[in-house]
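Participant: According to Swiss-Prot:
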- 1-24: signal peptide (SIGNAL)
- 60-238: domain 'Eph LBD' (DOMAIN)
- Asn264: N-linked glycosylation site (CARBOHYD)
- Asn299: N-linked glycosylation site (CARBOHYD)
- Asn369: N-linked glycosylation site (CARBOHYD)
- Asn423: N-linked glycosylation site (CARBOHYD)
- Asn436: N-linked glycosylation site (CARBOHYD)
- Asn461: N-linked glycosylation site (CARBOHYD)
- 468-562: domain 'Fibronectin type-III 2' (DOMAIN)
- 595-1037: topological domain 'Cytoplasmic' (TOPO_DOM)
- 675-936: domain 'Protein kinase' (DOMAIN)
- Ile681, Gly682, Ala683, Gly684, Glu685, Phe686, Gly687, Glu688, Val689, Lys707: ATP binding site (BINDING)
- Asp800: active site, proton acceptor (ACT_SITE)
Amino acid sequence: MRGSGPRGAGRRRPPSGGGDTPITPASLAGCYSAPRRAPLWTCLLLCAALRTLLASPSNEVNLLDSRTVMGDLGWIAFPKNGWEEIGEVDENYAPIHTYQVCKVMEQNQNNWLLTSWISNEGASRIFIELKFTLRDCNSLPGGLGTCKETFNMYYFESDDQNGRNIKENQYIKIDTIAADESFTELDLGDRVMKLNTEVRDVGPLSKKGFYLAFQDVGACIALVSVRVYYKKCPSVVRHLAVFPDTITGADSSQLLEVSGSCVNHSVTDEPPKMHCSAEGEWLVPIGKCMCKAGYEEKNGTCQVCRPGFFKASPHIQSCGKCPPHSYTHEEASTSCVCEKDYFRRESDPPTMACTRPPSAPRNAISNVNETSVFLEWIPPADTGGRKDVSYYIACKKCNSHAGVCEECGGHVRYLPRQSGLKNTSVMMVDLLAHTNYTFEIEAVNGVSDLSPGARQYVSVNVTTNQAAPSPVTNVKKGKIAKNSISLSWQEPDRPNGIILEYEIKYFEKDQETSYTIIKSKETTITAEGLKPASVYVFQIRARTAAGYGVFSRRFEFETTPVFAASSDQSQIPVIAVSVTVGVILLAVVIGVLLSGSCCECGCGRASSLCAVAHPSLIWRCGYSKAKQDPEEEKMHFHNGHIKLPGVRTYIDPHTYEDPNQAVHEFAKEIEASCITIERVIGAGEFGEVCSGRLKLPGKRELPVAIKTLKVGYTEKQRRDFLGEASIMGQFDHPNIIHLEGVVTKSKPVMIVTEYMENGSLDTFLKKNDGQFTVIQLVGMLRGISAGMKYLSDMGYVHRDLAARNILINSNLVCKVSDFGLSRVLEDDPEAAYTTRGGKIPIRWTAPEAIAFRKFTSASDVWSYGIVMWEVVSYGERPYWEMTNQDVIKAVEEGYRLPSPMDCPAALYQLMLDCWQKERNSRPKFDEIVNMLDKLIRNPSSLKTLVNASCRVSNLLAEHSPLGSGAYRSVGEWLEAIKMGRYTEIFMENGYSSMDAVAQVTLEDLRRLGVTLVGHQKKIMNSLQEMKVQLVNGMVPL
C-alpha cells in the first residue's frame, strides 16, 4: 500500500559543488550547525512543518516515532560507510534524527540500516510510515549506470529485545519503496524541496516485537522520519454503553465484535455490542442500555430524577412530574405517593393520578310488584376521578315491630347481578310477601377497597305485596304400574301464604297438546288410565289467595310393560318369556350343528362361524393358515390388492376378516419385558398415554410413547385400538409418526411409538407464542406437507388433520399422527370415503366433506390450510368462539378466515388457495411442498406482510364491528382483556367509543405507545375476535 503525505516546500540556493550530495532534510534542518548547511530560513520552515506532523489521529497508537525520541535511537548501520546519521536540533534544542545515504557512483551497493527492537504491545497488525527525500538519477551526471531510485524495507519478528545478530536472509521483505516525487537541480534552483510519505502495513504478527531494516542498493536518499503504529477503536460511549479501547484485528477486512458495559445507573435493554473495523472505526451498533427507574438520560449519562419527578420504568425516556394528587420528596423516585384519602391500585400505572372512592348514588327510586322490587338511581356527583364506577346492592330484611334488620340470605335473586353493576338499575325477585326490606345502593370503584373510610350509599325502604307461591321443586315417584303412576312432593320453598290446592298437569311425551289436569289439596296423587310402557310428563303448581304460582320443571316417568310384574305380582310371566326365548335360541344352535352348508360355501366370512359351530369341520373349509397355499395366503392378506414391486400401497385393515391378522402383518410384536413405563403424560380415547423406554435385544435403548388399552375393554374397542397400529405400521416417512411395535400377547395391550418431546403442535405453539422466526414456522409447515404428500401418494385420506394431531420433537420436526378417523382412498382420483356417521371436526373440514360426508385428498388440503393458519397464529382456535353452525354457514357463503397478525402475504395466499370451494382448484400436496421449498430458499419473499388495513377492510360491513355492543365502554373492554393500563391513553387520543376502537391498526397501537409485542397481539386479537362474532371475521373469496 502506498501512501502520500504532506509535502514540505522551501526555497534555497543550490550547493556550490558535490553533485552526489543530496539536499537532505537533516542538512536543511541544521539551523545551528556547520556553515556548509542550509540557510536558516529553510531549516526553520522544515522544522515547523515537522512539528505540525507530530500529532497522530486518536485511533492510532505510536510504537515508534523517530521525531519524538529525545536520546540516541540506537539504530545500527553497516557497512559503516553506508547510511550515516545526521543529528540536528530544532529551535527548541530537540533532536531531529535523520539518516542519509548517497553512494550513486559505485556499483553493487548493499547498505543496511537496522532499528532497535520494537514492542508491538499486543497488536497483530502494524503500520510503518516513512518520510523521505530522493534525488532524481537523471539529475546526477555520471551516475546513470549505478544510480537507483528505490530502496527496500524488511522486518524480523522476535521475542528477544537484544537479538541483533540477525542474518540478512532472515529478514522478511515488506516492500520496495519508491518516491512519488524526486528532486532535481531545477528544484534546487527554484528553492523547492519535495518530501515523500509512504505507509505500509505488516501482519499478522505472532511474537512480542520486531526489528525493521532499510536496505539501500544505490539511491541518493534521506530518511527524515520513521513512525511505527497500530490502529485501535478508541474508547467511546454509545447508547449509554461504554466500549473500551480495542486493538484492530490482523485482517484488513476483519470486524471485531466488542461488548459494551452500561454506564452507572443504567440497565441492559438488549446487550450492547459494536464492531471494531480494521481502520479503527466503530461500526454496526447493536443493542443499548437504558437509564434505570428513577434516572433519565442527559449528555450520555444517567441523571437522578429531581424531587417532585419520577420515572417508573427503564423503558420510559425522561422523568415525569408526579400525577395529580400525588407527590415525592425524594430523589431517584420510581413512583409518587398518594395524598391523604387518595389511593392507587396495584394495577394502576404509576403515571395515573391517585383517585378516591366515589360519593353515594343519588335520587334512588323504587317500584314494588308483588314480591319483586325494581330500583333506579343516578350516578354519584363525584366519581373519585375514575371511570370504573360500579354498584353493589345490599339487602336487609327488617322487623317492623322490633326495628331489627338481618341479611336477606341467598334466596333473593338480583337481575342482572348484585355486585359489579354498570347500569343504574337492578331488580330483586323471589322476595318474601308482606315483608319490610331495606336496600342500600353503594357506589364503588377500583380503590374503594383500599379506603378505610365509611361506605358511601343511599338507602331505600320498601314493603312487598301479596304474591303467588314459588314453584314446586322436589317431585318423587311412588308406585308405578302398567296403567298408573303415583307421585308425591314437598311444599314450595316460598309459599307466600296458605296453600289452597295443587294443580297437576300431565301428558304423554311428545303429545303436549293433549294433556290432563288433576287438582289436589294434598301433596300426593295417583294418575290412572295410562298406557303401558309409555313415558308421561308431569308438572305441578301451587295456588294461594294471590293466585297460581308457575309450573314446576318437567318430570318424566314411564309405566311398566304389559307383561312386567308390579311390586305385588308374581314373576311367572317373566319366567315364561325367558323360557320361550331360551327354547328358540337352543333350536337355532341345533340347526347350525346339523347343517354343514356354511362350510361348503368356500372360504368366505362364514368360515369363522363354521369353526365356532363345528370345530371338526375346519378341514373342509381349506382355510387354515397352517395348510394354506402361500399364494392363497398372500391374496388373503392383501384382500384383493395386488402389490407391485417398488410401489407402496396402503391396505385398509378393515378389509381383513380377522383384524388380528392385519396387526401381525403390519406391526411388530414386542415383548412386554422390553418396555419400561416411566410416567403418564396424557389420556386417549382408549386409555392412558405414557412415556417410557424401549430396549430391544442387540439395540440401543429408545425413548418411546406408549398407548395402553384400558381395563375392561370390549372386543370392538380392542379392534379399533389395534386398527390404528395396523395403519401406522404401513407408513415409513420422517414426517409420519413411527410405530415401534405392539404388545398383544399380554395385558395391558399397548401401542409403542417414537417419543415426541414437545407434544402436540397446538399446545407447543401456545406455550411459545411469538418465539420463532417466519422461516422456522415455514419449516414446520413444510414438514407437515411432506408427510401429507407421502400419505396422499399412498392413496390415503387422513380426515382429521389439525395442529392437535401433529406432534413435534425437540428438533422442531413435525410429524403427522392420530389415524383414528383416517380411511383409505382408492386409486381412482374421484374416489372418496363415505363415513358411517360419527363426529366430524367442523372447523378443519372441507365444505363438501361436511355436506356430503365425502373425504378426499383435496379435503385434506383444505384441513392443511387451517393447520397453516393455526401455526402462523401460534395455536389460536380457528373461527374463535363461533358456533359450528355459524362456521358452516359462513364458509358456504364464501367467507374465509382472516390473515393472522404479521402473516407473510405468500403464506396467506397459499391458505386461500387451500380453501377454494371447488376441490379440484386446490393445490396438490406435492405442489404445496414445492411452494414452501421456494419460500425457504428465498426468505426475502416472506418479508411482504398482509396489510393490516386490508385485513380490516375485507371484513363484513353489514354487521356491527364489535359484535352488537359486547362492551359498553372502551375502559370496560380493556379491563376485560387485562389491558386497563392503556385506558387513559386510548381516551386521550380520541378512542372514546367502541366504534372508534374498531378502526385501530397495529401502527396505531405503536403510535399510542403500546410497544410490548405481547400487549399489541392481545389487543389486536381481542378486536379480531369481536369482529368475527357471527361471520364478521371472515374474508370473502
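Glycine too: its Cβ is placed from the backbone N, Cα and C atoms.
Since the structure is predicted, the reported quantities are computational estimates derived from the model, not experimental observations.
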Participant: Per DSSP, to which secondary structure element type does Gly687 (ATP binding site) belong, with helix, strand and coil as the options?
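Facilitator: For Gly687 (ATP binding site) - judged by DSSP and reduced to three states - the answer is coil.
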Participant: Within 10 Å of Asn461 (N-linked glycosylation site) (Cα-Cα), which of the recorded positions Asn299, Asn436, Ile681?
Facilitator: Asn436
Participant: Tell me the Cα distance separating Asn299 (N-linked glycosylation site) from Glu685 (ATP binding site), rounded to the nearest angstrom.
Facilitator: 66
Participant: Taking DSSP as the reference, which of helix, strand or coil describes Asn423 (N-linked glycosylation site)?
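Facilitator: In three-state terms, Asn423 (N-linked glycosylation site) counts as coil.
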Participant: Given the glycosylation sites Asn299, Asn423, Asn436, Asn461, which one has the fewest other C-beta atoms within 10 angstroms of its C-beta?
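Facilitator: Checked Asn299, Asn423, Asn436, Asn461; of these glycosylation sites, fewest Cβ neighbours within 10 Å: Asn299.
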Participant: Hey, what's the widest CA-to-CA gap across Ile681, Gly682, Ala683, Gly684, Glu685, Phe686, Gly687, Glu688, Val689, Lys707, the ATP contacts in the record, in Å?
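Facilitator: Per the listed residues, the maximum Cα distance equals 14 Å.
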Participant: Taking Cα atoms as reference points, which of the recorded positions Asn299, Asn369, Asn423, Asn436, Asp800 is nearest to Val689 (ATP binding site)?
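Facilitator: Comparing Cα positions, the closest of these recorded positions turns out to be Asp800.
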Participant: Using a 10 Å cut-off on CB atoms, tell me which of the recorded positions Glu685, Asp800 is the least crowded.
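Facilitator: Each of the recorded positions Glu685, Asp800 was scored; lowest Cβ tally within 10 Å is Glu685.
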Participant: Measure from the CA atom of Asn369 (N-linked glycosylation site) to the CA atom of Asn436 (N-linked glycosylation site) and give the result in Å, rounded to a whole number.
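Facilitator: Asn436 (N-linked glycosylation site) to Asn369 (N-linked glycosylation site), Cα-Cα distance: 14 Å.
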Participant: Using the structure shown, find which entry in Ile681, Ala683, Val689 (the binding-site residues) has the sparsest Cβ neighbourhood within 10 Å.
Facilitator: Ala683
Participant: Test of understanding: give the count of other CB atoms lying within 10 angstroms of the CB of Asn369 (N-linked glycosylation site).
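Facilitator: Asn369 (N-linked glycosylation site): 12 neighbouring Cβ atoms within 10 Å.
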Participant: For Gly687 (ATP binding site), write down the residues of its own chain that are at least 6 apart in sequence and whose Cβ falls under 8 Å from its Cβ; none is a fine answer.
Facilitator: Lys707, Thr708, Leu709, Lys710, Tyr713, Pro748
Participant: Within 8 Å of the centroid of the Cβ atoms of Ile681, Gly682, Ala683, Gly684, Glu685, Phe686, Gly687, Glu688, Val689, Lys707, which other residues of that chain place their own Cβ, given that this set defines the recorded ATP site?
Facilitator: Cys690, Thr708
Participant: Only counting partners 6 or more residues apart, tell me which same-chain residues put their Cβ under 8 Å from the Cβ of Asn264 (N-linked glycosylation site).
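Facilitator: The answer is Thr301, Cys302.
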Participant: Taking just the CA atoms, what is the gap between Asp800 (active site, proton acceptor) and Asn299 (N-linked glycosylation site) in Å?
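Facilitator: Here the two Cα atoms lie 62 Å apart.
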Participant: Could you state the CA-to-CA distance between Ile681 (ATP binding site) and Asn299 (N-linked glycosylation site) to the nearest Å?
Facilitator: 57
Participant: Tell me whether Asn461 (N-linked glycosylation site) sits in a helix, a strand or coil according to DSSP.
Facilitator: strand
Participant: So of all those recorded positions, Asn369, Asn423, Ala683, which one's Cα sits nearest to Asn299 (N-linked glycosylation site)?
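Facilitator: The answer is Asn423.
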